[in-house]
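For reference, the structure discussed in these notes is given below.
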Amino acid sequence: MAIYGSVRRLVGDLSLLDSTLFANLLQSCLKSKSLRDTSRVHARLIKTQFATEIFIQNRLIDVYAKCGRLNDAQKLFDRMSQKNTFTWNSIISAFTKSGFIDEAARLFGSMPEPDQCSWNSMVSGFAQHDRFEEALEFFVQMHKEDFVLNEYSFASALSACAGLFDLKIGTQVHGSISKSPYSSDVYMGSALIDMYSKCGSVFSAQKVFDGMITRNVVSWNSLITCYEQNGPANEALVFFMRMMDFGVEPDEVTLASVVSACATLAAIKEGLQIHARVIKFDKFRDDLILSNALVDMYAKCGRIREARLVFDRMPIRTVVSETSMVSGYAKAVSVKAARLMFMKMTEKNVVSWNALIAGYTQNGENEEALKLFCLLKKESIWPTHYTFGNVLNACANLANLQLGKQAHTHVLKHGFRFESGPESDIFVGNSLVDMYTKCGSIENGYRVFENMVDRDKVSWNAMIVGYAQNGFGNEALGLFKRMLLSGEKPDHVTMIGVLCACSHAGLVEEGRRYFCSMTKEHGLVPSKDHYTCMVDLLGRAGCLDEAKKLIECMPLEPDTVIWGSLLSACKVHRNVEIGEGVAEKLLELDPNNSGPYVLLSNMYAEVGRWEDVVRVRKLMRQRGVVKQPGRSWIEINNQVHDFMVKDRNHPSRKEIYKLLKILTSQMKRAGYVLDAERPSTIDSETNEFDDRLCNLTEMEVVAAVG
């Protein structure tokens, strides 16, 4: 009303010496964002001698644009008979800030004499609307036209480099900043740290930080976030403590980054301490981003009760906090609880779906994971690379090649190329390789591997391990040599695949050499898994004494797995002497495991030591050890058949056992002879040790009946 009164007094008043009063009125309109008052001031202005004044018209364009009336600003601009650089800058700035970047570019191209402000508007406008390549093009052209680059030019260019993850151009921009008056500017230093962080260059970010003369909370936040996002996450906590030691007060951005680092590290103790600090300050309690980070931290640490308390106290909840709760329930409570939380979500995005699918896969409920994927498709949710990673993992766990091929078809339809970049999808290709090799389709796995645009260490490992597990030892070793020639360095998983390949191919000497090369050539310290592979390799080759000495000399405490591998080898090679000692070790480590009893008993039986067979069996009964009966599965016509020894539940059991008798007769005629020397009393006591043959023939029978 005050503005309106001032406007009314101006009617017909021709005594004003200049347009200052109109400029002040327009400034008041801008502060109040009042379009109505702006129109009134404009209406009065038209009746004065200042109606064609460029200065006041420029102010009108600026106010109209900032009040959301871009059309009125454009009309006024078009009607102006005279325009200056400020006029052009006002309308260009109005278009860039409103998101009409192409129109701004058209106007810029028509501008008679653009200045530094005009160029900066174009660089920042394109950068702010994620058109990073064009922002850098304007930045480069601005430099070529010999315009002075200032802090606004550099900040927008660094933002564009960060958006493109373009470290090369970002480094060049850094070089230009170093030669400018802004090399020591604290805000420019923070922008550089942020750019290097988003480009994944932690070393460069740290170097910029170390070289800063002065730092503020933004500088510290940029470096802490750099370590939180790129790792190692524990360094984020280290620099948070240093920040506190320097007396810099953290803000909500600092705390959210540090809480996220605690989530990555599962550092619940530090997370609780930071949460306590948050509670002490009212300004942080209701911060949405910080609250989401706390929920996520507690959920990833398996502290679902604390996560729920934070979640329930949030005045506003988003899909981010709800998705964190879904993941937390799946990890710490049950997938059922996670599904219930998922169903209650008011808004679901693909991240929410991925969290629940991952929960099912991680809990071994692979069929439910695939059903949920089908439901996702029905809901017209566009799956991401994370979705397919989990779906392919479920297919691999089920060893279901048919479903795996269907998932592969979806992957191809969604245009995945398995290449690195801002949204790298290499791990989808890795998941495909893993799925095919676990399903026994080694040719398809290798075809995917060869057609990947880019590969990482996991790609090589998946194929090498896949070859090894499917008995293609020589192919695995050949691929390992290719890996080394490509410049990719092996890790512990690689060497497990290599040693496993040597074991399956019977390449003892090569296995010894590769085992020694781990430390000498690749700087890898062998773990228990590597020693287990070596024991398996030596055991298969009959080098039992060497295998036993290797176990006794290893710097790690041998577990039941490694001793069990040697015991199995002793049974294969009928070395009762070493086998007895190994069995004693196993019975000391795990007296309730039926495996060592069974292997030892079978060894005694094969050499005719029936009294020892009875002794082992009695020892099992005395200790209450029960051998779980053998179990077999076979899929026929998309139906899975499940069998156990002495099974009487299958609907086709009569036909199965009838055919089993026929097969047994054929086996005898072919020369198979039962252990004739075994006493009948021992047969009744030890018959459950011989269920493997029964299961194998049952599978053959079902195949014949099916």
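Including glycine, each Cβ sits where the backbone N, Cα and C put it.
Since this is a predicted model, take the numbers as computed values, not measurements.
Per TrEMBL, the features are as follows:
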REPEAT    53-83  repeat 'PPR'
REPEAT    84-114  repeat 'PPR'
REPEAT    115-149  repeat 'PPR'
REPEAT    216-250  repeat 'PPR'
REPEAT    287-321  repeat 'PPR'
REPEAT    349-383  repeat 'PPR'
REPEAT    456-490  repeat 'PPR'
REPEAT    593-627  repeat 'PPR'
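Mean pLDDT for the repeat 'PPR' (349-383) in this predicted model: 92. Each residue of the repeat 'PPR' (216-250) gets a DSSP state, and the totals for helix, strand and coil are 27 helix, 0 strand, 8 coil. Counted with DSSP, the repeat 'PPR' (287-321) comes out as 26 helix, 0 strand, 9 coil. Across 115-149, 216-250, 349-383, the stretch most heavily in contact with the repeat 'PPR' (287-321), judged by Cβ pairs under 8 Å, is 349-383. Under 8 Å from some Cβ of the repeat 'PPR' (349-383) lie the Cβ atoms of residues 319-320, 322-323, 326-327, 329-331, 334-335, 338-339, 342, 390-391, 393-395, 397-398, 403, 410, 414, all in the same chain and six or more residues away from its ends. Long-range contacts of the repeat 'PPR' (216-250) within the same chain, counting only residues at least 6 positions beyond its ends with a Cβ under 8 Å from a Cβ of the stretch, are 186-187, 189-190, 193-194, 196-197, 200, 202, 205-206, 209, 257-258, 260-262, 264-265, 267, 270. Remark: secondary structure over the repeat 'PPR' (84-114) totals 23 helix, 0 strand, 8 coil, with classes taken from DSSP.
Residue counts for the repeat 'PPR' (349-383) under DSSP, split into helix (H, G, I), strand (E, B) and coil, are 26 helix, 0 strand, 9 coil.
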